[in-house]
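Residues annotated as domain 'NADP-dependent oxidoreductase' in TrEMBL: 18-279. The active site, proton donor annotation in TrEMBL covers Tyr52. The site 'Lowers pKa of active site Tyr' annotation in TrEMBL covers Lys70. Positions annotated as substrate binding site by TrEMBL: His97.
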Amino acid sequence: MSVEMEVELNNGYKMPVIGLGTWMATDEDSLTAAVHEALKLGYRHIDTASAYDNEHVIGKVLKEWFDEGKLTQKVEKFLRRSLEALQLDYVDMYLIHVPFTVVEHVGPNGQPFAGFKEDGTVYMDESTDLVAIWKEFEKFQRQGLTRSIGVSDFNMNQIERILKNCEIRPSNHQFEYHAALQVDDMVSFCKDNDIVCTGYATLGSGAASSFAEVPGLLNNSTVVEIAEKHKKTAAQVLRHSVQKGLVVIPKSTNPERVKENFEIFDFELDDEDMDALAGLDCNFRIYDFEQYFFKGIKNHPEYPY
């Protein structure tokens, strides 16, 4: 089974199936080197977010490439900030990062982020109107600030609400997906609605292991056995997600690993491999927003899980 390097979105634009994840990539030198290496290798998909506080670093690299000719309302404020940091006039895809909203505070680095009460719970904005926010996103696409728009970490009911009230349909849904969390019901739902799926944490998450329990997918005996069978690395078995029709955005600031993650198009997992990897699914979610990021957020009316 051959795998295309790009998938077509429902608006005609193409989306590369391998992207570079950048969450928690806070060391400027290593991130700069990783983005340069990714672009040199042929990556044309970089996943960023204002909350990651590193778009200015990515923007410097992109500007270098563009300059050298190597690359032929409140809601709007964040898009404008991202565009300024990335030194771009538009992005290819802009996502609603999460379906819930929090009260904006200024963090110690001067960047906006969530504020927390003395008991550690987050200040929630319970007035979230996903349809109204989506209407703003539609404006961004019409204005040419983004080619495509989508959502992230939504549940099916929330996506259905958007679909029933939109003029421009979501092109992409990004959510946690790996061998230990194969939410194929969501994948099927998105496919039925012509929405491309992007899986994050497809290798687990080394960055999250500093504060969360993370399944050791790269050391899993099944994954290692399949990798050895194909003379590939355990990380390259991430082709599993791509072969199931997802776009993936494995994060790394190590140039060798960035290269390794891109070299998945010269082999194929067979049915036996895919069945074995399907057997690793145990509904294990790494990114528990309530436990690790926004204590109290499970009480938000738009909490997705």
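Cβ coordinates come from backbone N, Cα and C, glycine included.
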Does anything in the same chain, at least 6 positions from Tyr52 (active site, proton donor), have a Cβ under 8 Å from its Cβ, and if so what?
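Tyr52 (active site, proton donor) has long-range Cβ partners Thr22, Trp23, Met24, Ala25.
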For the residue listed as 'substrate binding site', what residues in its own chain, 6 or more apart in sequence, show a Cβ-Cβ distance under 8 Å?
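Sequence-distant Cβ neighbours: Ala49, Ala51, Ser152, Asp153.
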Should the residue listed as 'active site, proton donor' be counted as helix, strand, or coil on the basis of DSSP?
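Once the DSSP labels are grouped into three classes, the residue listed as 'active site, proton donor' ends up as helix.
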Give the three-state DSSP assignment (helix, strand or coil) for His97 (substrate binding site).
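Where His97 (substrate binding site) sits, the three-state DSSP reduction gives coil.
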What mean pLDDT score does the domain 'NADP-dependent oxidoreductase' (18-279) have in the model?
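Averaged over the domain 'NADP-dependent oxidoreductase' (18-279), the predicted model reaches a pLDDT of 89.
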